[in-house]
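The structure that follows is given in the form of structure tokens.
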Amino acid sequence: MSKNKDQSEVKTKKGKKWKSTDLELVILGLPTFIYFFLFMYLPLPGLLLAFKNYRPKPGHNFFYSLFTSKSAGFKNFEVLFRTPDAPKMIFNTLFYNIIGIILGAILPVAIAMMLSELRSKKVMKTTQTMMFLPHFLSWVVVSNIVYAFLAPNRGYINNVLLANSSKQIDWYNTPQYWRFILIFMNQWKSIGYTSIIYMSAITSIDNSLYEAAMIDGATKFQQARFITIPHLRRTISVMLIMSIGSIFTTGLDLYYLVPRQAFPLYDTYITVDVYVYNSATKAGNLPQGSAVGFLQSVIGFFMVVAANLVIKKVDPESSLF
């Protein structure tokens, strides 16, 4: 009898504690839930734009015009492949993303491993802060920083070239440099944030493993190869899956703002996202922009599933689901 009473008291206490913890978690996750509801779920009816020949109806709201517009079938999707810029923007989108996936799987891991080897915590934290700072800068600020370096007449790099009696470069009329510039700026802005994710995974590794390896005479390279990298395997796999899911999406800010829409650079910065933005705003063709955006989401979904299946075959413990 007393045993059942004790068990009921434990369950009651656990129940009260769980309710309190659950409430804290709900409050903690509420801002994220509101954000996703407003910007991810509430606009979902707009997906119908991709299948509609949308025409605004005077005197009526957007939803009335949307639901009463005639069906367009898959005609809005065909425009993506019929436009003369299709080969260029698809190539650029895949090119920048593949390079980003490769560099994003190597550089942040290498930097995180090097930072973890620093003996001075002050130096390590200072370096982390300096590398993490670009993540908080908006692309508008970054585009102005790039322009300060590359401006035709008063840019810092051209001033250095002039001081060394070298010929100045008209950067915004010279497209051959811009693929490297865009790749560099993308990594510069994101590498600090990603490396901190790997740093947190490294700090969770048991130090006794490294101590045992040092006693056995293992070098730093061997410790990294046989201890650090195997323990980072799951984190690398998850980051890789998420990156592959965005292989048909580049984001707009970098490729639209940093080149300043200079016409000579058009072939280097035109991506699917830039095309969607131009279609929806400059050309005023919302259905085509919506169709391409929807297609990006579908491709991203299947790429995530496919990448997860491949990783699950190779290493079941590192798969995302």
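Including glycine, each Cβ sits where the backbone N, Cα and C put it.
In case it's useful when we look at the structure, here is the feature table from TrEMBL:
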TRANSMEM  21-42  transmembrane segment
DOMAIN    90-311  domain 'ABC transmembrane type-1'
TRANSMEM  94-115  transmembrane segment
TRANSMEM  136-157  transmembrane segment
TRANSMEM  235-258  transmembrane segment
TRANSMEM  291-311  transmembrane segment
Which residues of the chain, 6 or more past the ends of the transmembrane segment (136-157), have a CB below 8 A from one of its CBs?
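Distant Cβ neighbours of the transmembrane segment (136-157) are 168-172, 181, 185, 189, 253-254, 257-258, 260.
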Under an 8 Å Cβ to Cβ limit, what residues of the same chain, 6 or more beyond the ends of the transmembrane segment (94-115), are close to it?
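Same-chain contacts beyond the ends: 124, 127-128, 131, 179, 182-183, 186-187, 190-191, 194-199, 201-202, 224, 228-229, 232, 236, 239-240, 243-244, 246-250, 255, 271.
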